[in-house]
Amino acid sequence: MTEQQPIAVLGGGSFGTAIANLLAENGQAVRQWMRDPEQAEAIRTRRENPRYLKGVKVHPGVEPVTDLERTLADCQLIFVALPSSALRKVLQPHQAALTDKLLVSLTKGIEAHTFKLMSEILEEIAPQARIGVISGPNLAREIAEHELTATVVASEDDELCARVQAALHGRTFRVYASRDRFGVELGGALKNVYAIMAGLAAAMDMGENTRSMLITRALAEMTRFAVKLGANPMTFLGLAGVGDLIVTCSSPKSRNYQVGHALGEGLSLEEAVSRMGETAEGVNTLKVLKEKSDEMQVYMPLVAGLHAILFEGRTLAQVIQLLMRGEPKTDVDFIPTTGF
């Protein structure tokens with residue numbers, strides 16, 4: 001189904017561009033907003049986003065724009081692909097223009113200092129808007145190159161989910177729906193932390209047993225933490241949980257994996273992030289997740305270990321020794337799903 005009005009995508013990064021392309025390929029008129037006029041002009045003239053998605057042609061139906069006020073006025077369905085550190089700053093001045101809009105967050109991050117997810121920030125800024133999120137095993141370049149992909153749109157608003165499914169669903173991109181917005185969004189944010197650890201392990205040439213252990217124990221940690229906050233544990237067995245975790249912890253295309261790999265090669269955190277040239281949400285998420293898990297007394301040894309390496313001066317060897325000598329635990333915590 002084609003929307004009667006143009007659809008907005010806010011953000012000029014790789015994921016925003018990939019989603020804008022999908023929408024345009026499905027016959028939607030798309031306005032992709034970005035702050036940088038030079039970037040917008042490059043996309044307009046070269047039909048390519050050379051900074052973030054080099055080599056991928058931008059569909060003619062995608063119009064790069066820099067006038068945010070007009071974009072918000074012209075569009076009803078708005079996909080928000082802004083970094084977690086910028087979302088509030090960009091949208092707060094346009095609060096009135098967001099009333100009654102359908103706002104769908106694509107950002108897998110947590111706001112520093114508040115521990116708010118992106119949809120919670122959108123609710124604060126635009127309490128009269130209708131809110132949803134998209135998350136899943138979705139590497140931007142693979143989406144743009146038409147690899148078969150599935151994602152999850154989550155909202156308590158069934159009509160919003162249906163409209164997003166109709167707008168995005170295509171021959172290579174399948175969209176499932178969920179009502180557990182909090183769990184879907186939390187899964188997308190948390191897995192970024194473990195992707196850094198997976199990249200670090202790969203750079204150190206650790207074995208397949210080790211990598212498998214990291215992914216499965218990461219899933220246990222994520223689920224334990226999310227359930228404590230009220231998420232449905234079953235969400236973490238789906239695309240937005242284990243699906244996203246596997247792809248992000250296995251693929252060199254993942255930004256957070258790349259940061260971890262650079263650290264394993266001997267670069268400092270600052271050098272690793274700088275080499276990326278694009279936001280890796282996992283670094284910021286790690287800081288707030290460590291603080292929150294300590295506050296809530298949730299057992300998260302992998303989070304504590306990675307935090308010790310990145311911010312406390314511990315070596316990987318020291319952390320491995322502490323993890324392997326830790327108190328024996330059960331493999332799986334059985335969590336009742338009644339009430340979700």
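Glycine residues also receive a Cβ, built from the backbone N, Cα and C atoms like all the rest.
Annotated in Swiss-Prot:
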ACT_SITE  Lys191  active site, proton acceptor
BINDING   Ser14, Phe15, Arg35, Lys108, Ala140, Arg255, Glu281  NADPH binding site
BINDING   Lys108, Gly136, Lys191, Asp244, Ser254, Arg255, Asn256  sn-glycerol 3-phosphate binding site
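Recorded features from Swiss-Prot, shown on the structure.
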residue	record	DSSP class
Phe15	NADPH binding site	helix
Arg35	NADPH binding site	coil
Lys108	NADPH binding site	coil
Gly136	sn-glycerol 3-phosphate binding site	coil
Lys191	active site, proton acceptor	helix
Ser254	sn-glycerol 3-phosphate binding site	coil
Glu281	NADPH binding site	helix
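What surrounds the sn-glycerol 3-phosphate site, by Cβ distance within 8 Å of the Cβ centroid and not counting Lys108, Gly136, Lys191, Asp244, Ser254, Arg255, Asn256, is the set Pro137, Asn138, Gly188, Asn192, Ala195, Val247, Thr248, Glu281, Gly282 from the same chain. Shown in sequence order, Leu139, Ala195, Gly199, Val247, Thr248 are the residues of the chain, 6+ apart in sequence, with a C-beta less than 8 angstroms from the C-beta of Ser254 (sn-glycerol 3-phosphate binding site). Comparing Cα positions, Arg35 (NADPH binding site) lies closest to Asn256 out of the recorded positions Gly136, Lys191, Asp244, Asn256. Cα separation, Ala140 (NADPH binding site) to Asn256 (sn-glycerol 3-phosphate binding site), rounded: 13 Å. Among the binding-site residues listed here, namely Phe15, Arg255, Glu281, Phe15 has its C-alpha nearest to that of Gly136 (sn-glycerol 3-phosphate binding site). Rounded to a whole value, the Cα-Cα separation of Ser14 (NADPH binding site) and Lys191 (active site, proton acceptor) is 19 Å. Between Glu281 (NADPH binding site) and Asn256 (sn-glycerol 3-phosphate binding site), the C-alpha separation comes to 7 Å. Just so you know, of the recorded positions Arg35, Lys108, Lys191, Arg255, the Cβ with the fewest other Cβ atoms around it within 10 Å is the one at Arg35.
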